[in-house]
Every structure is written in C-alpha cells, then in structure tokens.
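Written out below as structure tokens is the structure these notes cover.
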Amino acid sequence: MNVSIILIILLFGALATYFAGDKLAKTVALVISLASFVASVAILNQHNAGISSDFIYKWISNPNIYLASKVDGLAIAMMLLTTALTTIIVWSSFANQFKNAKGFYALVLFMSFAMVGTFVSADAFLYYIFWELALIPIYFIALVWGNGDVEERKRAIVKFFIYTLAGSLFMLTAFIYLFSKAGSLLIDELYLLRLTEQEQFWIFGAFFLAYAIKIPIFPFHTWQANTYQLSPSVGTMLLSGIMLKMGLYSVIRWQLPLAPLAAKTYMNIFLVLSIIGVVYGSIVALKQHNLKKLLAYSSLAHVGLIAAGAYTLSLDGLRGAVLQMIAHGFVVVGLFFAAEIIERRLNTQEIAQMGGIRILDTKFASMFMIVMVASVGLPGTFNFIGEFSLLYSLYNVDIWYAVIGGTTIILGAVYMLKMFQNVMLGEANAKPFAAITLQESLVFVIIIAVLLFFGLYPKPINDLITPALQEIVAKINRV
Amino acid sequence: MEKNIALVLVLAPFFGFLFNVFFGKKAGKTLVGLVGTASVLVSFLSTLFFFSALNANPSQPVVVDLFQWISLEKFNVNFSFLLDQLSVLWLLFVTGIGTLIHLYSISYMHDDENMNKFFAYLNLFVFFMIMLVMGSNLVILFIGWEGVGLCSYLLIGFWYKNQDYNDAAKKAFIMNRIGDLGLLVGLFIVAYVFGSLDYKVISEGAYNTQLVSNNSGLIALAALCLFIGATGKSAQIPLYTWLPDAMAGPTPVSALIHAATMVTAGIFMVTRMHFLFDLAPQILDLIAIVGAATAVLAASIGLVQNDIKKVLAYSTVSQLGLMFLALGLGAYEIAVFHVITHAFFKACLFLGSGSVIHALHGEQDMRNMGGLRKVMPITFWTMMISTLAISGIFPLSGFWSKDEILLTAFHSNIPLWIVGSIASIMTAFYMFRLMYLTFFGEFRGTEEQKHHLHESPALITFPLIVLAILAAVGGLISLPGNSWLNHYLAPLFRKAHEAHHLDATAYALMAVATVGALIGIGIAYSKYIKKQEVPVQDAEMKGFASVLYHKYYVDEAYDVVVVTPLKKLSHFFRNYFEVAFSETVFAFGKIANAIGTQGKVLQNGSVGFYLLAFVIGMASILVYLFLV
C-alpha cells in the first residue's frame with residue numbers, strides 16, 4: 001500500500017460527499033476523513049515496519065515531471081496531523097446547519113486532499129500544484145459560508161487569496177530556475193544541485209515570500225486576522241490548524257535544504273523577523289475586542305516562534321518546530337472551537353458581549369481552561385515540549401533570542417488570562433447559555449487527551465520525526 | 001517496592017483531584033472532604049516511609065526513573081524522581097501541613113456550593129508541589145513550579161464572580177510567569193554549560209574545576225536567572241506585589257499555598273542548586289541584599305495594614321526575605337530551618353485568622369474586630385503562641401531559627417544584621433498590633449455579628465492546636481550546638497557547615513534580639529492596649545503612614561512604568577501599524593491595477609500606433625546591442 005491511497009480516499013470522498021446530498025454530506029465527510037486518518041495510521045505502521053509507502057510514476061516526459069512522493073517520518077507526522085484534524089474539524093461542525101452542505105463538506109475534504117498532497121509530494125511541480133490547489137477550497141469556504149458583512153468579507157478574502165497566490169508565484173519562478181539547472185524537479189535531484197551563493201540567495205528569497213505570507217511571518221500577516229474573523233469556524237480551523245503548517249513544513253522540506261548557504265548567511269534576518277512576530281502578535285492581541293481576531297494574533301505569535309526555531313537550522317530547533325506545529329494544530333482548533341461554541345449560543349464574537357459563562361456552564365469552562373493553559377505552554381501539556389525545545393534552540397544561537405522570544409510565555413499569559421476573565425468569569429450574564437452538548441464535549445475531550453498524552457509522552461512522535469529531521473539537518477550542513 | 005511507594009506518594013493527591021472533579025458533585029460534601037484529605041494523608045504516610053529509609057541509610061537516596069520525556073540533541077530529560085534528604089524533608093511538611101489544612105477546609109468550606117472544586121484544586125496543588133520537590137531534574141521541578149502557579153491562580157480566583165479576585169489571580173499568574181522566564185533561561189544556561197539538567201550531573205559538573213573556570217561568567221548568569229525565578233514564586237523584590245493581593249483566595253489557600261508551601265519553592269530551588277550558587281558569590285551577595293531589603297520593606301508595610309490577612313501576607317513576604325538573607329549568606333540549612341518553623345507558625349496564624357473571619361462572617365478589617373479573646377479561646381491561644389514564635393520569643397521555634405539567621409548575618413555583614421533586626425522588631429510590633437486589635441479591648445463590629453460570635457468547630461481548632469504545638473517546639477530540630485537538622489542535611493553539602501556554638505557573642509545577640517522583640521511588643525502594647533487606639537479610617541491617613549498604607553505606591557508605579565505603556569503600545573500597533581501594513585499590501589494591488597489601466601490605453605486598436613511602438617522598440621534594442 002502506498003500513500004496515494006489517502007489522496008484517493010480524500011479526492012473520491014469529496015466527490016462522494018457532494019453526491020451524497022445536503023442531508024448526508026456531513027456524515028459521509030466524517031466517515032471519509034476518519035477513513036483517511038485510519039489509512040494514515042496504516043501508513044505509519046508500514047513505515048515503522050520499515051516498508052516504504054512511496055509511489056513514483058512518470059507523468060510528463062517533456063518537461064520531465066513525475067508523480068512522486070517522499071513519505072518519511074516528517075511527512076507522515078504532517079499527514080497524521082492533517083487527517084486527524086480534518087476529522088475533528090468536520091465533527092466539530094455537526095451542530096452547524098450549512099446551506100448547500102454537500103458543497104461545503106466536499107470542499108473541506110478537497111482541501112484536506114490538497115494539503116496531504118503538499119506534505120507528501122517529492123516532485124516540485126506536483127508539490128506546487130497541491131500547494132495552490134489547497135487555496136481554492138478555502139477561498140470558497142470563507143467567501144460563501146463566512147460571516148460578517150458581505151462586502152467586508154469579500155474584500156478580506158479576495159485580499160487573502162491574491163496575496164498568498166502572489167507570494168507563491170515567486171516560488172514557481174524559483175522552481176522554473178531550478179528545473180533549468182537540474183533538468184528534473186524531483187526533490188532528491190534538486191538537493192544534489194550545487195548552487196552558488198548568489199543563486200541560493202534568490203531562491204531562498206523567492207521561497208521566503210511564498211512561505212512568509214502563508215505562515216504568516218511578520219510583516220506579511222495582514223491577511224490573517226480578518227480572514228480568521230470572517231471565515232466560518234471550520235475554515236478558520238483548517239487555516240490555522242493545518243494550512244499555515246504547509247508554510248512551516250515547506251521551510252523545513254524545501255527552503256532550508258535547497259538553499260543552505262543562503263540560510264546560514266541570512267539566518268539572523270529571518271530569526272529577527274520571526275521573533276518580532278512573536279512579540280508583535282502578542283502585543284496586538286492584548287487589545288483585541290473580537291475573540292477570533294485575538295486568537296488570530298496569538299496564532300501569529302506562536303507560529304513566529306515555530307518559524308524562529310526552524311531558522312536556527314539546528315536539530316533541536318527543527319524538532320521543536322515540528323512538535324509545536326502538531327501541538328499548535330490541536331490547541332488552536334480547540335480554541336477556535338471554544339469561540340464557535342460561544343458564537344453558537346450568544347451569536348457574537350465580541351468579547352464585550354460575553355462574560356459570566358463559567359457560572360452557567362462549568363464543564364465548558366473547565367475544558368476551555370485546559371485548552372487555554374495548553375496554549376500558554378504550561379508544562380505537562382504538549383505545547384510545553386515544543387516551546388521548550390524551540391526556546392532552547394534559540395538560546396543556542398543567542399541568549400537574547402531566547403529572552404525576547406520567551407516573552408511569549410509572559411505576554412501569552414497576559415492576553416489569554418485577560419480574554420478568559422472577560423469571556424468566562426464574573427457575574428452571570430443576562431443572556432442564556434445552553435449547556436455544552438455531549439458531542440461538543442467529546443470534541444474537546446479528544447483534543448485535550450492528545451495535548452496531555454503527548455505532553456507527558458512525546459516519545460512516539462519524537463522517534464517518528466527525528467530520523468527525517470536528522471537527514472534534513474545533514475543536508476543543510478552538507479556545504 | 002520503593003518505586004511503587006514513590007508513585008503512590010505522587011499520584012494519591014492526583015487521584016483525589018480526579019475523584020473530586022468527576023464525582024465530587026454527586027459524592028456529597030462529606031466524601032469530598034474525606035477523599036481530599038485522605039489522599040494527602042496517604043502521601044504523608046508514604047513520605048514517612050522514605051524518611052525512615054533515609055534515616056537508616058543516609059547515603060542512599062532513592063531515584064525513581066520512569067521514562068524518557070524531552071529529547072534534545074545533546075541530552076535527554078527524563079521523567080524521574082529523587083528522594084533524598086532535602087526532598088523528603090520538604091515533602092514531610094508539605095504533605096503534613098497539607099493534611100491538616102485539608103482537614104480544616106472540610107469545615108471552613110462546608111457552606112460553599114463548589115466545595116468539590118475547592119478540594120480538587122487543593123489536591124491538584126499538592127500533586128504539583130510534590131512534583132516540584134520530588135523531581136530529579138530542573139524540568140520536572142519546572143512542571144511543579146508552573147503547576148502550583150496554575151493552582152494558585154485557580155484558588156485565588158476561586159470566587160470567580162468577583163472580578164477583583166480574578167484580577168488578583170491573574171496578577172499572581174503573570175508576575176510568576178515573569179519569574180518563570182528567568183528560571184527557564186537559567187535552565188538553558190545550565191543545560192548549555194553542564195550538558196544536562198539532572199541535579200546529580202550538574203552537581204558533579206559544579207565540582208569540576210576545569211569546567212567551572214571556563215564558564216564562570218555563564219554560571220553566574222545562570223544563578224542570577226534562577227534567582228529571578230525565585231523572586232517570582234517566593235515574592236521577593238521586585239516581583240512580590242502579587243502575594244498580598246493573593247489574599248483574595250479562601251483562607252486555607254493563603255495558609256497552605258501563600259504561606260507554608262508554594263512560596264517556599266524559591267528557597268527549595270536555591271538550596272537544591274546550592275552547588276551552583278556557591279560558584280557565584282556575587283549573586284549570593286545580591287540574594288542577601290534583596291532578601292534583607294524585602295524583609296524590611298514588607299515589614300514596614302505590614303505596620304499599618306488593617307486587613308488581618310494583609311498583615312499576615314506582608315509578614316510572609318518579610319519572613320521569606322529573611323530566608324533569602326540566609327541563603328545569600330550561604331547558610332542553606334538555616335534558611336531551610338526557618339522555612340520549617342515559619343510553615344508551622346504562619347500556617348497556624350492564617351488558619352487562626354480564618355477562624356476569626358469565619359466567626360465574623362467574612363469580616364477581615366481589624367478595625368471592626370476586638371475582644372474576641374473570651375469567645376474564641378482556642379483560636380486566641382493558638383494564635384498567641386504562633387505570634388510569640390514569629391516574634392522570636394524564647395523558647396518558641398521562631399526564636400531559634402530567626403536567631404540563627406541574625407547570628408549568621410552578624411558574623412558576615414553588620415549592615416545586613418541591622419536591617420534584619422529592624423525587620424524583626426517591626427514583626428513583633430505588627431503581630432502584636434494584630435493580636436491586640438483582634439482579641440483585646442471591646443468588640444467593634446455590629447450587634448448582629450456580636451450575637452453570632454462563637455468558637456470554631458473542632459475540625460478547625462484541631463489543626464490550630466497541632467500547628468501551635470509545632471510552632472512552640474519546632475525549634476528543637478535545630479538547637480545551637482546540637483542540630484539534628486544540620487546533621488540530617490549533611491549528605492547534601494560537600495563541606496559541612498559548622499553549627500554555631502553558644503559563645504558570648506551568640507548569647508549577646510540573643511539578648512539583643514529578645515530586647516528588640518520586647519520593644520516592638522511594648523510599643524504595640526502602649527498604643528493598642530494602654531491608649532486603646534484604633535487605626536484611623538483610610539481617608540484620614542496622613543504622612544508617611546499613608547505612604548506605607550499604600551504600599552509605597554509600588555503597584556501604581558508598575559502601572560505607570562509597565563502596564564500603561566504596554567496598553568498604549570498595543571493600541572498604537574493595532575491602530576497604526578496594522579493599518580499601515582495592510583494598506584501597503586493593498587497599494588501593491590493598486591499599482592498593479594494602475595499599470596493595467598495604463599496598459600489598456602496603449603492597447604487602443606490603432607495599427608499605426610502598434611507599428612510605431614514596434615519600430616521604437618526595435619531601434620532601442622539595436623542601439624543597445626551596438627552601443628553598450
């Protein structure tokens with residue numbers, strides 16, 4: 001069995017969902033996404049047993065393009081993250097009533113398909129197609145099913161679409177250049193290229209524009225807050241939980257090993273930008289009135305730290321980055337789900353209109369609280385492991401990077417506790433708040449279980465990703 | 001066997017927590033209290049096992065290695081525990097006093113609708129405190145360190161309908177996190193220098209002279225960072241301001257977390273890492289100075305506070321300062337000694353104040369108390385014993401431990417001795433002020449309250465009696481010249497610290513200290529008993545007393561220097577930077593649009609124009625090719 005099975009499940013699953021009709025769509029989507037997760041676990045088992053799950057087919061002979069995959073531990077981890085989160089996200093939306101549900105859920109699965117494709121592709125052309133393909137469903141999900149004023153939404157979502165697309169074009173240019181040098185776009189052949197420092201500089205820069213916008217890295221983040229706010233929660237979760245990891249993953253898979261000289265020469269620039277994002281995102285989050293926007297800026301801060309870890313070019317940094325990508329994926333989905341639960345009941349995202357929810361629903365309050373303390377990296381949660389490795393890797397570059405990046409543990413507590421106080425604590429609001437349903441709490445339970453289990457025992461993920469990352473570090477250090 | 005008992009020790013409170021969270025509401029209040037208390041008692045009994053094992057075999061600490069936790073390129077962090085003299089000692093009083101306070105809470109929190117939550121949080125706190133103490137490396141300590149911070153946050157804000165309490169809880173967490181960043185950076189430096197975070201490996205490295213001399217700067221920096229962490233958790237200058245606010249929590253919480261156990265974590269950590277601090281004498285000096293300064297600063301604020309718990313809170317900050325003074329002088333055992341005696345008498349005082357507050361239905365202002373001695377004899381006498389102990393009156397526990405600290409200070413640095421002595425005199429004054437205002441004179445509360453005055457039930461008075469006895473006799477563990485404690489802790493330290501012998505200087509200093517305490521008590525007596533003074537209302541306060549009452553305006557200063565600028569910066573970023581970045585992106589779009597519009601003009605359909613453009617273009621290329 002090779003990894004294409006997951007792509008096939010998701011692609012045909014998207015079609016099946018569409019043809020299942022509005023009534024059945026969400027159930028079918030759930031079954032399909034769950035099947036893709038189970039298949040990913042099977043691939044994991046195969047990998048652990050030492051059997052390759054790769055595929056390679058000749059696609060176009062001139063130019064020389066393959067349908068090829070590279071399923072190492074890193075790709076498997078990202079694939080597991082994508083399929084697990086897609087399942088959770090689909091399930092979290094069961095209480096929602098979407099117009100044209102069949103289209104909606106088909107797009108969700110299609111997006112998952114494209115994202116998995118991005119993570120496993122080993123041919124730059126295929127990778128690029130998946131990369132761009134992932135943008136289309138989220139564009140429609142946000143535009144058609146989003147909330148808020150239609151004109152405002154259109155402006156924000158179109159901006160997001162064109163902005164990220166424009167960034168990607170630079171990456172395409174880089175790939176065309178690389179193809180002209182290597183005569184192939186297979187990643188392993190591109191790794192073999194001996195590029196001059198000058199060439200690497202331009203390629204690194206072109207990649208950076210694509211990834212910095214996607215991740216996003218300060219100051220390329222301006223699409224983020226509005227898009228998160230105006231997308232339906234499912235869209236926000238897909239974007240923040242998985243899609244932004246495409247950018248971070250690509251830094252590790254493509255940017256650093258393809259242009260290691262440039263990475264080493266200019267790493268401080270990118271470290272500084274990433275760390276500015278950490279502090280800047282945290283500070284802007286302090287004064288947000290909209291819950292989803294606040295979470296968007298907190299996400300900016302968190303991914304800034306992840307990106308910084310990756311740009312340390314060290315094993316600790318890369319490993320911390322991957323661990324934190326996974327932890328952040330779960331935590332951010334949990335946070336946006338909490339926002340969604342509140343929005344379902346109070347019909348608002350404005351923090352000023354919330355408050356006193358804890359009295360009305362202590363169970364929800366407890367679960368929200370656990371996810372929140374995970375997001376501020378409390379030891380014992382998964383997020384601490386990543387944050388610890390990341391900050392340690394920064395320390396090994398320069399103590400000031402660790403200190404300034406580390407302010408996230410203070411500022412994160414400031415804006416998160418303030419948010420929690422204003423949203424959940426205080427006297428009961430006059431507005432009714434229906435108790436959290438069993439289905440909603442189960443979504444939380446799964447997320448919390450993941451965060452706590454890997455917080456105590458991250459070894460399985462460690463063992464999975466470390467060999468792949470060691471290989472990448474070796475490639476970065478090959479010159 | 002040992003491994004299993006260690007696991008029971010750690011996990012019993014955690015199961016108590018789980019039980020109270022999931023079944024607490026249904027189980028009923030009696031069972032909630034019983035399970036909550038019993039789970040801590042189980043930990044206490046397990047600790048006794050290790051205590052006796054260690055006494056039988058002092059050179060064989062128990063190490064329990066569970067599994068590999070965090071992997072880094074150069075080293076791994078394991079999930080493992082270390083039960084040596086220091087951790088077992090700490091566990092003894094954490095779980096011992098913890099059990100008593102849980103018992104007390106059964107009665108104290110009985111009328112609270114969320115009693116199960118209270119016990120759950122309290123159990124969770126004990127669990128994290130055990131982790132903090134029992135970890136065999138700094139990262140496990142850090143789990144406990146932040147975990148107790150979380151529980152502290154939950155318990156300060158236990159009555160979460162009141163946003164002032166929530167503010168206090170948030171402040172405590174954030175202030176602690178500032179320290180935590182220091183601790184974390186300290187960890188990184190230690191890991192970098194010693195290649196491990198395991199206590200054993202670090203201590204071996206610390207005795208490796210080659211390693212140490214190559215990294216002396218970094219080691220000092222690490223010690224400084226760790227100390228910054230300690231200033232957060234143990235409420236020292238400049239991060240002490242959260243502790244008085246933390247009194248918003250229910251009183252058993254103040255007794256357990258904010259007096260006896262959690263706030264001593266900083267002293268524990270410094271003692272644990274003494275081999276590192278010994279290598280950084282300049283940082284030790286700093287610790288001594290900060291400790292002495294905190295001791296006198298907090299004591300001076302305590303002089304004029306009218307909230308009974310606030311007085312005790314500032315007293316705690318001040319006493320912690322004395323402990324840091326001892327640490328800074330390198331007298332780790334003496335700091336530990338004071339931690340223990342302080343845990344006894346301060347827990348007793350807090351629980352006693354809770355008993356008073358309980359009797360007065362929530363009244364905390366001492367101006368509305370008075371004359372409670374007759375109605376609450378047990379509360380009065382237990383608190384009186386503890387007050388005498390904290391004031392350093394012979395032969396109660398505080399006399400011995402405080403005396404040791406001052407004696408050490410006298411031998412190394414006279415100014416520090418003077419500052420410490422002033423703090424001690426102030427302590428005697430404000431503690432007796434508290435006692436006189438609360439228990440003597442006439443009752444100043446409402447008639448309504450007067451009718452309901454009563455001694456607290458046995459579940460409350462029993463822990464008070466036990467703690468008062470311990471506060472009285474606790475000094476026995478470390479008598480000058482014959483210190484069980486120093487002997488017990490000896491395996492921890494490479495060079496044995498000489499116990500002070502009773503020479504003439506020692507006697508003279510004891511006499512000076514006792515006279516000082518008596519002066520403090522005398523002033524309190526003349527003001528509040530003889531002249532029957534009652535502190536004036538807040539608005540009438542004048543001069544320096546007002547400055548003291550407003551805690552030197554430190555909170556206000558922090559607001560002006562840190563909080564407000566941060567808010568302004570956030571506003572500024574949101575309203576200007578974000579807009580500017582966003583507009584820049586749109587500007588690119590507009591440029592593209594504009595080029596398109598201009599291009600449209602060029603594409604006007606006139607063949608003549610196209611031809612002209614073609615010719616000009618060709619001509620330019622030719623010119624370029626030939627000329628350049």
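Backbone N, Cα and C define each Cβ position, glycine as well.
Since we're looking at a predicted model, the values are computed, not measured.
What TrEMBL says about this one:
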TRANSMEM  B:6-24  transmembrane segment
TRANSMEM  B:31-54  transmembrane segment
DOMAIN    B:69-119  domain 'NADH-Ubiquinone oxidoreductase (complex I) chain 5 N-terminal'
TRANSMEM  B:88-106  transmembrane segment
TRANSMEM  B:118-134  transmembrane segment
DOMAIN    B:136-427  domain 'NADH:quinone oxidoreductase/Mrp antiporter transmembrane'
TRANSMEM  B:140-160  transmembrane segment
TRANSMEM  B:181-197  transmembrane segment
TRANSMEM  B:217-243  transmembrane segment
TRANSMEM  B:283-304  transmembrane segment
TRANSMEM  B:311-329  transmembrane segment
TRANSMEM  B:335-357  transmembrane segment
TRANSMEM  B:378-396  transmembrane segment
TRANSMEM  B:607-627  transmembrane segment
With DSSP, how much of the domain 'NADH-Ubiquinone oxidoreductase (complex I) chain 5 N-terminal' (B:69-119) is helix, how much strand and how much coil, in residues? 29 helix, 11 strand, 11 coil
May I ask whether the transmembrane segment (B:6-24) has at least three C-beta pairs under 8 Å with the transmembrane segment (B:217-243), counting pairs 6 or more apart in sequence? no
With a cut-off of 8 Å between Cβ atoms, can you find at least three pairs linking the transmembrane segment (B:31-54) to the transmembrane segment (B:6-24)? Only pairs 6 or more residues apart in sequence count. yes
Looking only at residues six or more beyond either end of the transmembrane segment (B:311-329), which have a C-beta under 8 A from one in the stretch? 230, 234-236, 240, 243-244, 246-247, 254, 258-259, 263-264, 266-267, 270-271, 277, 284-299, 301-302, 305, 335, 338-339, 342, 346, 349-350, 353, 366, 390, 402, 404-405, 408-409, 412-413, 416, 420, 423-424, 426-427, 430-431, 433-434
